[in-house]
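> Below, the features straight out of TrEMBL:
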- 1-10: compositional bias 'Basic and acidic residues' (COMPBIAS)
- 1-39: region 'Disordered' (REGION)
- 67-89: transmembrane segment (TRANSMEM)
- 95-114: transmembrane segment (TRANSMEM)
- 135-160: transmembrane segment (TRANSMEM)
- 180-202: transmembrane segment (TRANSMEM)
- 246-271: transmembrane segment (TRANSMEM)
- 291-321: transmembrane segment (TRANSMEM)
- 414-434: transmembrane segment (TRANSMEM)
- 443-463: transmembrane segment (TRANSMEM)
- 483-511: transmembrane segment (TRANSMEM)
- 532-554: transmembrane segment (TRANSMEM)
- 593-610: transmembrane segment (TRANSMEM)
- 630-652: transmembrane segment (TRANSMEM)
Amino acid sequence: MERATRRGGGDAENAFSIEPDQDQHNGNGNGNDEKKAVGLAGDGADEAASVERVFEGKEVPPWQSQLTLRAFVVSFVLGVMFTFIVMKLNLTTGIIPSLNVSAGLLGFFFVKTWTKFLDKSGLLKQPFTRQENTVIQTCVVASSGIAFSGGFGSYLFGMSEHVASQSTDANDAQNIKNPALGWMIGFLFVVSFLGLFSVVPLRKIMIIDFKLIYPSGTATAYLINSFHTPQGAKLAKKQVRSLGKFFSFSFLWGFFQWFFTAGDSCGFVNFPTLGLKAYENRFYFDFSATYVGVGMICPYIINISLLVGAILSWGIMWPLINDRKGHWYSAELKSSSLHGLQGYRVFISIAMILGDGLYNFFKVLGHTLFGLYHQMRDKNSGVVLPYAGRSSPASPSLSFDDQRRTQLFLKDQIPTWFAVAGYVSIAIVSAIILPQIFHPLKWYHVAVIYVFAPALAFCNAYGCGLTDWSLASTYGKLAIFTIGAWAGASHGGVLAGLAACGVMMNIVSTASDLMQDFKTGYLTLASPRSMFVSQVIGTAMGCVISPCVFWLFYKAFPNLGVPGTTYPAPYAIVYRNMAILGVEGFSALPKNCLTLCYVFFIGAIVINAFRDAIGKERAKYIPLPMAMAIPFYIGGYFTIDMCIGSLILFIWEKKNKAKADAFGPAVASGLICGDGIWTLPSSILALAGVNPPICMKFLSRKTNAKVDAFLGS
């Protein structure tokens, strides 16, 4: 639920992330790419399939030359574009697909076009290399990733009065912090860099000694390597052309729809495609190009899980519970009250999220400990582990690719003293500044987080290398409950818990992201220094871009965060209620809600255990609890869009699988990017007071007769 890793970053499968649980299986948008990457560019590749033999005649530029001005200009432009996309997805349903393919593809296209023009003009001084492409990829993902880890759709917006007003508990002034551009930028700059320093000394152990695969980083490297071969460059041009066509279509479709949204419940988005009764229960196709594209990228099991969750909740459970109005909860309550039906929707979804997160936490922790045990046990006593400042002796048994990569990876060192000094310095500064931003969060709360954070960051980075899962949101939830309970309900525990969640999530998330980038750099011969600098610059960009983009949404759409509106920010209320549970217990739950929460909490664990027990082949037919939980609160309308996207891809694969594999991600990215970018002009129009001219509504026959009679009178 949180950036499937932000790095593109969903649970258990590739290429998606579910906000706010970044506990998910990261992907690169194409599972086939990952398989090819592991087989073709992975450790121990055969000489016959050597990637580096292809590039043997090309000189690897020094790390300073990999960091070009044009790379960061392109990264900034793409970072802004992808931040709008991620922010829109954060504030609508929280499902965020991997944008790594789009970042790599568009970065390649822009710089290649740039250099081609300069070459024809005789002004080209430095050719475009795969190392520079890797720098762009890293910078863009780091920049747009802040839109996810910054909590604009979860913990940070959950602090606001908009969200607090939806609850009758802990909505006093000491538990509220309304968004403001200044403190949001300051907060992100304080917490977003610590994770980068926490795992730098371990990069050689993780990448070279333990040879962790980091599937997302490996797949990204495979794509970048393929782009820079003659055949890959030709395919990339065709892919960009497809992306551009569907980008234009998606953007123009969003513009067309805008004309019909002059009032509440107006426009194509409210078309009752499956009938008025289904529409009342949030089942309809809302004509969103974004979620059709997301459905094309997400694995089939994700989309099916979402649909199963929507049917179970809005098709069965909520109508049944609604029939018990007056018995289980007061019939006088507003529909948005957490003591009524809304409480069941929110807290049962929380129970499933926590159950799934807890199971996967122990699962990945077990993988991590088991992997570490075997790595240490199998080590020869004479082999010295490489760490910062010490080289690893080259093994004659290594393939040409591995020897070449290891040599260059160890060439540019990042001193351990630099990483330690950076971590301690930023930790001291943030322990002073964070309590000034969030008064209930004390310096000793921050200090305790920073003492344990490096160990947790290592566990997350190591587990991500083995399984491609980032458990950042699980660690964030741990901080919510521990720091919130420590601060206490009467001392702003809800606000303290949400702020602590942000601190922990950013540290743990950026640590695994950086290690993924090191793996990508290792496989593309990009220097660790250039990877680190690119990540730092991208993070700094994101610390400014993301708050500014969120601020634009916040000012342009007054109903931001309100259920049933265009941007309901569903996970903001979910995270706030987690914090309330942490400090006040279960007193806020309506009748029988706690029992149902226990059932779904245990059910999520049992389903996950069953999936693991029956093996991968059969498990792909069992729904994922985390994905099932998402529509429990917000409805099933977006699942219809995503299932249609899956259906399109399924038919395409049946007709021409090779073409679907090659162009499917590009088409999906175009649909997502075009519709996402339309939010920029639509926000500007809203701020300028320019309103759509037409309201298109869909009424039942009886309602229409009443309206006609009223107008006729």
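Numbering starts at 1 and runs along the chain as displayed.
Every residue, even glycine, has its Cβ placed from backbone N, Cα and C.
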> Relative to the transmembrane segment (443-463), which of 180-202, 291-321, 483-511 accounts for the most Cβ pairs at distances under 8 Å?
483-511
> How about the transmembrane segment (95-114) and the transmembrane segment (291-321): at least 3 CB pairs under 8 Å, pairs 6 or more apart in sequence, or not?
yes
> Using a Cβ cut-off under 8 Å, which residues of the same chain at least 6 positions beyond either end of the transmembrane segment (414-434) come close to it?
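186-187, 190-191, 193-194, 196-198, 200-201, 203, 387-389, 441, 443, 446-447, 450, 454, 499, 503, 528-529, 532.
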> Is it the case that the transmembrane segment (532-554) and the transmembrane segment (180-202) touch, counting contact as three or more CB pairs under 8 Å in which the residues of each pair are 6 or more positions apart?
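In contact, yes.
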> Which residues of the chain, 6 or more past the ends of the transmembrane segment (180-202), have a CB below 8 A from one of its CBs?
146, 149-150, 156, 387-388, 414, 416, 418-420, 422-423, 426-427, 429-430, 433-434, 437, 450, 453-454, 457-458, 461, 502-503, 506-511, 513-515, 532, 535-536, 539-540, 542-544, 546-548, 550-551
> Grab the same-chain neighbours of the transmembrane segment (246-271) for me: Cβ-Cβ under 8 Å, and only residues 6 or more beyond its ends, written as numbers and ranges.
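279, 284-290, 293, 566, 666-667, 670-675, 677-678, 681-682, 685, 691-698.
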